[in-house]
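Chemist: Just lifted these from Swiss-Prot, have a look:
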type	residues	note
ACT_SITE	CYS89	active site, proton acceptor
BINDING	GLY90, HIS91, HIS209, ASP233, GLY238, THR239	substrate binding site
ACT_SITE	CYS237	active site, proton donor
Amino acid sequence: MMKRIQIIDSHTGGEPTRLVVSGFPSLGSGTMAERRDVLAREYDRYRTACILEPRGSDVLVGALLCEPVSPDAAAGVIFFNNSGYLGMCGHGTIGVVRTLHHMGRIGPGVHRIETPVGTVEATLHDDLSVSVRNVLAYRHAKDVALDVPGYGPVRGDIAWGGNWFFLISDHGQRVAGDNVAALTAYASAVREGLERAGITGANGGEIDHIELFADDPEHDSRSFVLCPGLAYDRSPCGTGTSAKLACLAADGKLAPGAVWRQASVIGSVFHASYVQAEGGIVPTIRGSAHLSAEATLLIEDDDPFRWGIVS
């Protein structure tokens, strides 16, 4: 029996989002975190079928569209990639909101989107750009020292922006699109160093995103973000920008309401600001997504790679 999975693809600043509209098994009616756990425990093969080759690629971020728990939410969503599941995804939320408009589900205005780490507020503007009011972001630790084999001592901040990040400003690497291989090798070594040293986020949270910053002549900063699974973010990374704002706010380098223009390694830009909150900040990230495909993924029973090429 052939299985069919309906998808709509978009990209946000070059970073793709694959919205799964239908075709996944029922995950029950619990919270997005509970449904994510069911998906991971019982139906993870659907994630790999959508994201891994031959139907996907390491760059893709998947977003499973779910019925929300709260009646005042526009949608629920579970984010995943080639290595597992994400608590929140900024660029993905922008892509989801833009796609919901394409589907005729929402119009311009403010919409609530349920995620596994909480409900985020997203505004679809008249020009179809999207502002995402993220979950609470905060810096967990400042100036953490780490020895990275092959590179020497490294210092960075640990911050939460919806995922855990290790943020490095003084790294000696050239943050540019033609230097991605070297940036990936460096960031991967840092992540391995963190794991080896037992350095984590709060409550033992795995630091699975590494963010490198550099000056940019046209914007406030340019960044390279290594995501779980060794793919780099083509967008400026919404959760990473949120983590960056948390550090800037903690250091008194960015005032509430001031706009921070964050460029990605390929030059796409998010505009970000924050309001102060108890225990950290609440950031808002604005960017644009563009639609790229509508498709039906076919899964044949006799296909040896029907659930993806799993390494």
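If you go along the chain as it appears here, the first residue is 1 and each next one adds 1.
Using the three backbone atoms N, Cα and C, a Cβ is placed for every residue, glycine included.
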Chemist: Whose Cβ, among the binding-site residues HIS91, HIS209, has more other Cβ atoms within 10 Å than any of the rest?
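Modeler: Within the set of binding-site residues, the most crowded position is HIS91.
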Chemist: Would you identify which of the binding-site residues GLY90, GLY238 has the most other C-beta atoms lying within 10 angstroms of its C-beta?
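Modeler: Result of the Cβ crowding comparison: GLY238.
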Chemist: Looking only at CYS89, CYS237, the active-site residues on record, which one has the least crowded Cβ, with the fewest other Cβ atoms within 10 Å?
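Modeler: Across CYS89, CYS237, these active-site residues, the one with fewest Cβ atoms within 10 Å is CYS89.
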Chemist: Starting from the Cβ centroid of GLY90, HIS91, HIS209, ASP233, GLY238, THR239, which together make up the recorded substrate site, report each further residue of the same chain whose Cβ lies within 8 Å of that point, ordered by sequence.
Modeler: GLU15, CYS89, GLY92, GLY161, GLY162, ASN163, VAL225, SER235, PRO236, CYS237, GLY240, THR241, SER242
Chemist: Could you check the binding-site residues ASP233, THR239 and say which one's CB has the fewest neighbouring CB atoms inside 10 Å?
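Modeler: If we count Cβ atoms within 10 Å for the binding-site residues ASP233, THR239, the smallest count is at ASP233.
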Chemist: List the Cα distance (Å, whole number) between HIS91 (substrate binding site) and CYS237 (active site, proton donor).
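Modeler: A Cα-Cα distance of 6 Å.
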Chemist: What's the longest C-alpha separation between any two of GLY90, HIS91, HIS209, ASP233, GLY238, THR239, the listed substrate-binding residues, in angstrom?
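Modeler: Farthest Cα pair among residues binding substrate: 15 Å.
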Chemist: In whole Å, note down how far the CA of the residue listed as 'active site, proton acceptor' lies from the CA of THR239 (substrate binding site).
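Modeler: That comes out at 6 Å between the alpha carbons.
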